[in-house]
């Protein structure tokens, strides 16, 4: 009898608990599905980003096909001091791989210690320019390649004498015959060096990775700097297009050098210099045609005050009123354009 009472008690208890749970379940509000939150879009950032584009591949002239053998020959010539009048200077003397293919000096030191009037421009991405040198006097990379060889203050070598000298070196005779099916000529020297220079490119920077979709490739500071670059600082007025250069010439208020005028003899070109591209810029200081600005921060600060004083200064240069924080952001953006400089070792030279 006691067993029957115990069993009934347990049964009723179970039924009571089940009923309570059912009521609680019915009373409990249903949980609504959680919506996936979309990341907030920075419209200003996206608009700035849309103004940039990848650099693309190097254009190669029809009369100077790019081959591995030609690049190798060009590299030999690039590092060979026998291309100079005193056999002490090579192209790499002023355009060294370890110095961002420049020389790290304010102004170049040339033949027999000649003090050059300008900063050595880096050859990084020189293949993309329409004209080369600060004043644009070379209309092709081939013309640029032999310009310093002949310049009295640079390598001071007569091209005819150079052809004779290289033709007396069996190793070079063999190399030129292999590459061009021809003898050593000034034209072939130019083509070989230009071919090597066409391989010295910086295209895969942190910023390019960002353009390709990697949102974390550049810092928050660099992103703010990009906004300034296209907006308040207006850098993109000149540093535009795939190369981040307008391929034009501007007077930035730096006196003492006639610049483009020496090429065109046009009074309006006095003090104007070519707009350099910016990929690789973190590796190529000091900056400007006279090397007067040591760091990227110095460059930004120079533009921030509206440049220097010159009667022909570009109207584009106006005080920017950037704060210290904005200067920092703009420098961070420029640094994101640094990329990896191509590593090239000095080759074994022909004998």
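Even glycines carry a Cβ here, placed using N, Cα and C.
Feature annotation from TrEMBL assigns heme c 1 binding site to 91, 94, 95. For residue 94 (heme c 1 binding site), the Cβ neighbour count at a 10 Å cut-off comes to 23, with all displayed protein chains included.
Around residue 235 (heme c 2 binding site), the same-chain residues at least 6 positions away in sequence with a Cβ under 8 Å from its Cβ are 228, 229, 303, 330. Summarising the annotation, TrEMBL assigns heme c 2 binding site to 235, 238, 239.
A mean pLDDT of 98 is what the model gives for the domain 'Cytochrome c' (69-196). Positions annotated as domain 'Cytochrome c' by TrEMBL: 69-196 (among others).
Annotation comment: TrEMBL describes 220-338 (among others) as domain 'Cytochrome c'.
As annotated by TrEMBL, signal peptide applies to 1-18.
Annotated heme c 1 site 91, 94, 95; additional same-chain residues within 8 Å of its Cβ mean position, judged by their own Cβ, are 78, 90, 92, 93, 96, 101, 103, 120, 123, 148. Listed in sequence order, the residues 229, 234, 236, 237, 240, 244, 245, 246, 275, 278 complete the 8 Å Cβ shell around the heme c 2 site centroid, once 235, 238, 239 themselves are left out. Remark: secondary structure over the domain 'Cytochrome c' (69-196) totals 68 helix, 6 strand, 54 coil, with classes taken from DSSP. Within the same chain, residues at least 6 positions away in sequence whose Cβ sits under 8 Å from that of residue 238 (heme c 2 binding site) are 245, 246, 248, 250, 275, 316. You'll find the Cα of residue 91 (heme c 1 binding site) roughly 27 Å from the Cα of residue 239 (heme c 2 binding site).
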